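As C-alpha cells, the structure follows; a few thoughts come after it.
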C-alpha cells in the first residue's frame with residue numbers, strides 16, 4: 001500500500017491541533033511519529049509560539065509520548081533571531097518584547113537582548129508572552145517610532161487555550177502598529193522563511209507540511225512552494241472541496257496525522273463520498 005508520506009524526504013509538523021489538543025494527545029499521533037522514525041523519515045516540529053524554548057517544547061512533546069530532540073524544534077523566535085543576526089553585527093543590542101524563548105533565541109545568535117528603547121537597540125523584535133503589558137508595548141512603540149526596524153515572530157490573531165480562544169500575538173502587534181502607524185516584518189507562519197529554513201537545515205528537497213490551520217500552516221506551505229496535509233483534529237474543518245480561500249488549499253486532507261501512513265487523498269477525493277467535512 002502506498003502511503004501519503006512516501007516520496008517526501010521531510011515532514012514539517014505543527015503542534016497544537018495536530019499532535020495534541022490542549023492537554024490531551026491526539027489519538028495515534030505518537031504512534032505515527034514513531035513509525036516515521038522507524039522509516040528514517042526526518043521530522044521538524046514548527047511552532048509560531050515564540051514564548052517557549054525548544055527544550056520546553058521537546059519536554060512537552062515527551063509528555064505526550066513523542067520523542068523529539070531539541071534540534072528537531074523550529075520556533076518562530078529562532079527564525080526571527082537568525083534573520084536579525086544576518087542583518088546586524090554580532091553583539092548588537094536588540095529590544096526584545098516577548099518571553100524567555102525569544103530572549104534566549106536572540107542571545108544564542110550572538111545578539112544582546114535589551115528591554116528599553118533607551119538601551120541603544122539597533123532593532124526591535126516582538127513575540128507573544130502572556131505577561132506582556134503596557135510598559136513593554138510602550139517600549140516597542142518608542143523604538144519603532146524612532147525609526148528602528150521591527151520584526152514580529154508571528155501575527156496570529158488568536159491563541160487556543162484550555163478555556164477557549166484568547167488574543168494572540170497579532171493583537172499585541174496591532175497595539176504597537178496603531179501607536180506607530182508602522183507594520184513589522186513577519187518571520188513565522190504563514191511567511192515562507194520558517195519553511196525554507198527548516199528544509200535547508202534538514203537538507204530536504206521535497207518536504208511536506210502537516211497542519212490544522214488554513215491561514216497559517218497551509219497558507220505558509222503554499223507560499224513556500226511546499227505540499228501540505230490538512231488534518232481535521234484542530235481549528236479548521238472545511239465542508240467541501242471548494243471551501244478554500246485563494247492560497248489556502250491543501251494538497252491533501254486526512255482525519256488526523258495518522259493519515260501520513262495511509263493512502264493520499266486530495267480535497268476532491270476526500271469529499272467525494274459526500275459524507276465528510278465535519279472532522280468526525
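Note that Cβ sites are derived from N, Cα and C of the backbone, with glycine treated the same way.
Annotation source TrEMBL lists Mg(2+) binding site at 14, 16, 212. If you draw a 10 Å sphere around the CB of residue 14 (Mg(2+) binding site), it holds 24 other CB atoms from the protein chains shown.
In the three-state DSSP scheme, residue 14 (Mg(2+) binding site) is classed as coil. The active site, nucleophile annotation in TrEMBL covers 14.
Summarising the annotation, TrEMBL assigns active site, proton donor to 16. In sequence order, 22, 160, 212, 234 are the residues of the chain that are 6 or more apart from residue 16 (Mg(2+) binding site) and have a CB within less than 8 Å of its CB.
Look at TrEMBL and you will find 189 tagged as substrate binding site. When secondary structure is read from DSSP and collapsed to three states, residue 189 (substrate binding site) falls in the coil class. Take the CB of residue 189 (substrate binding site) and look out to 10 A: across all protein chains shown you find 32 other CB atoms.
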Query raised in the report: How many neighbouring Cβ atoms, not counting its own, are there within 10 Å of the Cβ of residue 212 (Mg(2+) binding site)?
Result: 28
Query - Pairwise CA distance, residue 189 (substrate binding site) versus residue 14 (Mg(2+) binding site), rounded so that it is a whole Å - result: 10
